[in-house]
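Everything below concerns the one structure shown next.
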Amino acid sequence: MFTKNHRRMSSTSSDDDPFDVAEKYYGEERKKKLNRVRTFSAFESTKYGAGPISPLRPTYEPPPVIKETSEPLSSSSSTSSPPTLTPQTSQVQFNLGVGKTKNGSAIHSDSEEEEEDEDPVSNTKKGEADEKDPFDTTDSKLENENSTPSSITGKEIIPHPTGFRGSSEESAIRRKPSIIPIYHDNISQESVIRNANTPTTYNREKFHLRRGSLDESTFIRPKKYYINDVQGTLRELLANEDTDNNCQITIEDTGPKVLRLGTANSLGINQSSIRGTYRLSNLLQELTIASRFGRHQIVLDEARLSENPVDRMKRLISTSFWNNLTRIITKENIVDMAKDTKIKESWIDDQGKLHENQESHRIYVPYNRKDQYEFFQLIKKQRSDIQLDVQYLPQKIDADYIKSINKKPGLLSIATRPDPQAPDSGSLISWPYVVPGGRFNELYGWDSYMETLGLLTDVKIDPSGNPRNLRHLELARGMAENFIYEIHHYGKILNANRSYYLGRSQPPFLTDMALRIFNKTIEVTPELMDEAIDFLKRATLAAIKEYETIWCAHPRLDDKTGLSCYHPEGKGIPPETEPTHFNALLKPYLAKYNDIDQLDFIEKYNSGEIKEPELDEYFLHDRAVRESGHDTSYRLEGKCAYLATVDLNSLLYKYENDIAFILQSFFNDNLQDPYDDNNSNKIHSSKIWLERSHQRKLNVDKYLWNEQDGIYYDYNVKLQQQTNYESATTFWPLYAKLASSNQAAKLIDQSLHKFEEHGGLVAGTLKSRGEVGLTRPSRQWDYPFGWAPQQILAWIGLVNYGYDGIARRLAYRWLFMMTKSFVDYNGVIVEKYNVTKGAVPHRVDAEYGNQGLDFKGVATEGFGWVNASYVFGLTFLNLYAQRALGSLTPPEIFLRNMHPEQRKQYK
């Protein structure tokens, strides 16, 4: 028996979040719900109180709140699963042709026939101006990252006067949808909020239906599609739209750019069109993900296909990409983690069997970490199915030892803690970390700092007062803990935790990284103050050790200038490079030794049998370039170990001031060092660090600053002259607060224009790079390429000196370029971009190519510091700028058409 509190509605409606993470959206629970789908349900209690349902009664239900939770690689994955086991794609059979269609499957059409539920367009008359100045953002507040729009939740929105789409209204609100992507704007200012109990008065002139908003939800329930054959729809979609057969749908594909799908309310009988590259590529991504979760049938929210690209990028980075880039060493994945794919060797297993030219599985443990050695040996004993070689490192690690194990590569152990579930078992738990890209398993140096900036952006206190995204805080903390471990056991923060990187560091960021993690910890979990102080103490002591024993010691410190250089330890040819990487370099030496085989030459050169001083110097600089993190660039090639670079000395200046600040603010300017190698119980105070920073500034001003050009140059300590190479690292003194206010002003006035391009800051200028060609190929850290860390450090530096508007402008340029590529090219996020191009900035013609391009159907990781640059960069933009970004407004148009008062915010 039906009561007056019931109303008839579609059974496919639910309170499920249309933007939920893939595991929940396509997981087992959704599969169970799909089994109950039918054309119509019985009746369901109305949410609008007692009384009969009138045709004028509002029928709108506000969209569910967007939740930010963690998304694993697959429904069965966990932190203990092997990181290399990404979601399998074997279920997706791409490009197999078009199968027969059934009810609910895709029907591909570009016809103009009537559709069930088409997109509304504006009722505003052509040429009629809105009452509100579109450039006036005085009512707009900076949107918090990953916050959900309160304007569409918890309250009722004024419905259409008729409560439904009647025939009398059809001519005004129905037309064929545009091929241009229509993005749902989840934070529309046009949303009208009222109290449900307040009498309603309607003003038709106030109601505007606009592309790119959820206004249509005022009249109808958000649309859902019923796809009863995921694989068949995938094949149909790819066969018709993927004309270049790369399993992606982009603006370069020449298909009809329209696909008809069955609606969920009709169980697939009625059809509705999906149009445009962006929505179709999103459909491809969603179908690919559903297939990897083993789904054969799904109900798909239209909102997931039409999601504002800024919101979609931010959501995927926060809930999916970080998870897929997370690694943690466990019992289950230790073999996959230890495997070295760059170097193959011959080895004998425990049964005496010889394995030739195969990948080995080895892990090295510090000489004084017996607990880790026994733990890994226990894993080896418990798992007879694995071949794991566990080795101790010697106490003294030098260039000769590093060279001696070049043919026995292995993973270097990192920080662990006792398993709280079995404290007496000897079982250990590793700290998690984020890798740069999907193909990596190692912890990298300055990548981790940039990733930390992005991770911490998501860690907040929600409106209810509870911390959210604490997992991201744990990841940031884990990377810092691993750095502390590396400094104490390997002497430095490593390029990466592989044996052939033992002599090589990367740009130092530990002090700022530790301070940001400390501040975020006490912000969201103030009850952990004591633990946070202990963490800050250990990080500071580690940074002091790194500073004194690595960066300000031989061979990296130049005594004459008092400045530091990238100058790693090592001998021979780097073993991790591709076998053919040095072909051109070695060719004349092979001829010199009677056309000796290249592998034989490398063997004899590395052993010292062949001595070539010129090659020794070349590989010294080659290792130094890799330590700088800028591998490779003509700025550094052939001279890096002799350069006192502006980037390194800016970071060391920041170390000096950060350490002084920490000692003064948290440790009463008196911190005892229990790690002092001389066992002298050394006491650290701020005085010496302030003196060091003062002296470094004097040295930088003398040797690196060029008053005439208004720029910082590197200084060649061997030639005793500036290099005059114009590099974006000239902005790093702003990040470190090393420049005076006059130097900063001159740098902005005379040099910024040399680096500002369509997509942000270029790594170096065309003038400095020079001509490139077959004999002088492009280098990836030179013009015309731009990198996320260069943007991030410049933004921070500009704000440090009050140039907020310029930082905002540069951030908009970089984020627009990323968003445009994401929309036009199937959700791509890559390692680096050509910032001078507006059309295809993600295509990079330089060594190593561009990571992040090679995916089938859906990108699942992006690239670590590029992901970070996006979510971090959004914090520099107000709501108006973020909306312009979502509508793909190019920087030139965005800045040119801006209200004069607003334009001041970008200067």
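Keep in mind that glycine also has a Cβ here, set from the backbone N, Cα and C atoms.
Feature annotations, courtesy of Swiss-Prot:
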- 1-20: region 'Disordered' (REGION)
- 39-172: region 'Disordered' (REGION)
- 71-91: compositional bias 'Low complexity' (COMPBIAS)
- 111-120: compositional bias 'Acidic residues' (COMPBIAS)
- 125-144: compositional bias 'Basic and acidic residues' (COMPBIAS)
- ASP242, ASP244, ASN246, GLN248, ASP253: Ca(2+) binding site (BINDING)
- ARG439, TRP446, ASP447, ASN495, ARG504, SER505, GLN506, GLU576, ARG626, GLY629: substrate binding site (BINDING)
- ASP631: active site, proton donor/acceptor (ACT_SITE)
- GLU831: active site, proton donor/acceptor (ACT_SITE)
Cα-Cα distance maximum in Å, computed over every pair in ARG439, TRP446, ASP447, ASN495, ARG504, SER505, GLN506, GLU576, ARG626, GLY629 that the record assigns to substrate: 21
Candidate with sparsest Cβ neighbourhood (10 Å radius) among ASP242, ASP244, ASP253, ASP447, the listed binding-site residues: ASP244
Secondary-structure category, per DSSP, in which ASP447 (substrate binding site) falls: helix
Cα proximity to GLN248 (Ca(2+) binding site), best match among recorded positions ARG504, GLN506, ARG626, GLU831: GLU831
Sparsest-packed of the listed binding-site residues (ASN246, GLN248, GLN506) - C-beta count within 10 angstroms: ASN246
Rounded distance in angstrom between the Cα atoms of ARG439 (substrate binding site) and ASP244 (Ca(2+) binding site): 25
Minimum Cα separation from ASP447 (substrate binding site), reported as the residue among recorded positions ASP242, ASP244, ASP253, ASP631, GLU831 that achieves it: GLU831
Candidate recorded positions ASP253, GLN506, ASP631, pick with smallest Cα gap to GLU831 (active site, proton donor/acceptor): ASP631
Cβ-based isolation winner (fewest other Cβ atoms within 10 Å) among the binding-site residues ARG439, ARG504, ARG626: ARG439
Candidates ARG504, GLN506, ARG626, ASP631 (recorded positions) - the one closest to ASP242 (Ca(2+) binding site) by CA: ASP631
Rounded Cα separation (Å) that holds between ASP631 (active site, proton donor/acceptor) and ASP253 (Ca(2+) binding site): 34
Least surrounded among the active-site residues, given as ASP631, GLU831, when other CB atoms within 10 Å are counted: ASP631
Cα-Cα distance linking ARG626 (substrate binding site) and ASP244 (Ca(2+) binding site), given in Å to the nearest integer: 36
Nearest recorded site to ASP253 (Ca(2+) binding site) by CA-CA distance, among binding-site residues ARG504, GLN506, ARG626: ARG626
